[in-house]
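Read through the structure below, which is laid out as structure tokens, and then see the notes.
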Amino acid sequence: MALSRGLPRELAEAVSGGRVLVVGAGGIGCELLKNLVLTGFSHIDLIDLDTIDVSNLNRQFLFQKKHVGRSKAQVAKESVLQFHPQANIEAHHDSIMNPDYNVEFFRQFILVMNALDNRAARNHVNRMCLAADVPLIESGTAGYLGQVTTIKKGVTECYECHPKPTQRTFPGCTIRNTPSEPIHCIVWAKYLFNQLFGEEDADQEVSPDRADPEAAWEPTEAEARARASNEDGDIKRISTKEWAKSTGYDPVKLFTKLFKDDIRYLLTMDKLWRKRKPPVPLDWAEVQSQGEANADQQNEPQLGLKDQQVLDVKSYASLFSKSIETLRVHLAEKGDGAELIWDKDDPPAMDFVTSAANLRMHIFSMNMKSRFDIKSMAGNIIPAIATTNAVIAGLIVLEGLKILSGKIDQCRTIFLNKQPNPRKKLLVPCALDPPNTNCYVCASKPEVTVRLNVHKVTVLTLQDKIVKEKFAMVAPDVQIEDGKGTILISSEEGETEANNPKKLSDFGIRNGSRLQADDFLQDYTLLINILHSEDLGKDVEFEVVGDSPEKVGPKQAEDAAKSIANGSDDGAQPSTSTAQEQDDVLIVDSDEEGPSNSTDCSGDDKARKRKLEENEAASTKKCRLEQMEDPDDVIALD
């Protein structure tokens, strides 16, 4: 029975008669949809691009095994109608970033609720709600942590009012030449999967990087080693996949190439090993014989679940061989020109990455990892907890009822913590912050300054990495404010493609130039001021003035290393947006984007609302709230 009967009359009418939008039908989305219909919401639109996977079933309770492979949105609708058969639910198996879902679409709703798992889609929905002037409730969970906040144009800060932590990245030379952490080997193994079975990407090369600036070697010795490495085929002359095909995907030849010959070649780069422990090549025959010598030890029973056991080198070599054979068969079944896509839930693909990563860890003297640990790191999986999703979904509805009651001033940003804070609160409410006057999204006249080298940055970089990736536009049009309205980038396919390889300076862009970027879909215009600089750091293509540089600094890298599983957003193949392009970096993905880890809140440190850290020590700072009685939706633990 719907709870709306117990609500005040005006609120009950808004609940039963108003139309709301739920974006995402995953962990939070399933709980939220159930809560909405039980509260009495009768007109709900639900959108999600994902299909149901077996791994979803432990927490996304609207789905059953028989639903695997079907649309999440459609099945969620069918399941939740059993709670409220009279509800009018419209399911959309689509991306929220589809141009069909324009500003007019968003204006149909009295409230939008996000249950997303990636930053790109969050940014987009944030802008659409600002353009349509519709309240948005944003949410996220990560393990035991959760967060809910309200966004209203002109009243509160928007999702993009403050820079998000820069995603952790790894230089290509570290991945290929000098891995020092298990995650480096896991990234290398994922790259190797794509090089052998998937879509090849030059930025995901796995062979030794001869251009590494740290490397130095004797040319004659290197040439001799290179000859030995190339006896089975030079992967620099032909693609890795073509070379592997020419060997018939022979596991022993692949093993020898990757774990012996390439490692021997790395050893010729003597400068790399002056302050590092050098890697130790693996020989297939020796690995097999060592395994026989240790047979008695191998037969000893291991404690724990199979996926949580760390095997020996011989076992991983065998797993490597078996997984290659299985993947070779799968690739052949798909036909010529086919590609496989790495999926953490595909056993052969996971076997391949587990074995390859562990063999490389052993070579570089690291402790090997269990399949469970590697799966968590490879997919950046924070174990999802159903009760966390349930708590956050409940809070979303409570905040929604405040909005529909016309009491948005009573809305709060609410943090769910793993442990109670010093005031014994597990749920901590913080006052909503006003809009950031310098925000390049919700300010009255959005404007930003970008520092770059106009003689090096191309139009394609401006389009893909700055306008689309950094400023989250979907279909941008960019013109130069030069009095002539020169079109630099057009959203019409092919119209300005010839401009892509040209440098910005080729169009007269210099220090002080101004670009106007428009996204018709998002009803969003951004003025970009160009600040020319030739003093940018190594590998830094651009910086947003007042923002963090587009590179992981030492402190950021240190923080990320502490919480590699928690720093993700838009790099996955999200449920509501397209997959992002990958450079020579680790792109990590998570089930639900992580919320802030905040046991208290401070107005001076707004970044706490976005950043998730592992250290959950309670802060002594007071919440920026007036002294008041505990709200009803705050749990006090005595």
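Cβ coordinates come from backbone N, Cα and C, glycine included.
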Checklist entry - Can you tell which of Lys260, Lys271, Lys456, Lys468 Swiss-Prot marks as N6-acetyllysine? => result Lys271
Checklist entry - To which residue among Lys551, Lys611 does Swiss-Prot attach the annotation N6-acetyllysine? => result Lys611
Checklist entry - Can you say which of 42-73, 202-233, 394-425 is given as region 'Disordered' in Swiss-Prot? => result 202-233
Checklist entry - Which residue from Ser318, Ser370, Ser590 is recorded in Swiss-Prot as phosphoserine? => result Ser590
Item to check | Cα distance (Å, whole number) from Asn118 (ATP binding site) to Ser207 (phosphoserine) | outcome: 31
Next on the checklist: Between Ser505 (phosphoserine) and Ser95 (ATP binding site), how many Å separate their Cα atoms?
Outcome noted: 36
Checklist entry - Taking the mean position of the Cβ atoms of Cys158, Cys161, Cys439, Cys442 as the Zn(2+) site, which residues outside that list, in the same chain, have a Cβ no more than 8 Å away, listed in sequence order? => result Leu130, Glu157, Tyr159, Glu160, Pro435, Asn436, Val441, Ala443
Checklist entry - Got a sec? Which of these binding-site residues, Gly24, Gly27, has the most Cβ atoms within 10 Å? => result Gly24
Next on the checklist: Through the lens of DSSP with three states only, how would you label Lys271 (N6-acetyllysine)?
Outcome noted: helix
Item to check | Cβ-Cβ neighbours of Ala121 (ATP binding site) (radius 10 Å) | outcome: 26
Checklist outcome for this item: Counting Cβ atoms within 10 Å of each Cβ, the densest environment among the recorded positions Asp48, Asn58, Cys158, Lys271, Cys439 belongs to Asp48
Next on the checklist: In whole Å, how far does the CA atom of Asn118 (ATP binding site) lie from that of Cys161 (Zn(2+) binding site)?
Outcome noted: 17
Item to check | By Cα-Cα distance, the member of binding-site residues Gly24, Gly27, Asp48, Ala121 nearest Cys161 (Zn(2+) binding site) | outcome: Ala121
